Amino acid sequence: MAIPSVMLNFLFPPPPSLFVSTMSVIGLTSLSSAGYMEIKGKHMQYSKFLNVGVVKKEDNTKLSSRNGMLFSYTPAFLVGLASLLVFHDQDLRFMLLASALTAHFLKRVLEVLFLHKYSGSMLLESAIIISLSYTFSTATMIYTQYLSKDFPEPLVDLKYIGTGLFVVGIIGNFYHHYLLANLRKNGEKEYKIPQGGRSYATREWYLSKFGDKFPKNVKAFIPYIF
């Protein structure tokens, strides 16, 4: 998979690996398909989107949302943790990447266990698809960086900028998860209307759920506009 020469100023060239190339194509295709399906209203069947836009089937195996999300996040966390234990003598760039992925999924696991307040279900099929996606994406990124260890460094070093953006992002992500979790009091199961920006797909769901009670000024991407 070729990269334009100007981008090689701040990116490593792709390693000569059939596995990495194949997983990159599969990942790009899957993400594009998932994004298109979300826009069309055909969501993965979990949490608030369970039974949205699909015909109900009696034989679908379901997990509790908590167990489903644990099943989704834990394998990717274990892959990241294993990479830190097995390849503990790698360079700084590798350790930053593996640590960031491990920290991200550890945070998700801890949030599932101690923060989020679940009330719904998740199809086992959806949990398997999400889990495989996260696991293979994590393994591919770590393996790609491992194969790049002997490549010359890019002219523009973005690792510290990237680390800073990751820290800001993961803190912001936790903060918003904390706000969402605190919309429900102990024992409550009904959905509450969050404030602030909403993604297009979830905003459409809240509109269908709450109708006229949903604030008109809450937009999906640009506050008060769209």
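Including glycine, each Cβ sits where the backbone N, Cα and C put it.
Taken from TrEMBL, the feature transmembrane segment covers 18-39, 70-88, 94-115, 127-146, 158-175. Per TrEMBL, the feature domain '3-oxo-5-alpha-steroid 4-dehydrogenase C-terminal' maps to 133-197.
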Contacting positions for the transmembrane segment (70-88) when only residues 6+ beyond its ends and CB under 8 Å are counted: 63, 94-95, 98-99, 101-102, 105-106, 108-109, 112-113, 127-128, 130-131, 134-135, 137-139, 142, 146
Secondary structure content of the domain '3-oxo-5-alpha-steroid 4-dehydrogenase C-terminal' (133-197), with strand meaning DSSP E or B: 38 helix, 0 strand, 27 coil
Beyond the flanks of the transmembrane segment (158-175) by 6 or more, those residues with Cβ under 8 Å of it: 10, 92-93, 96, 100, 103-104, 107, 111
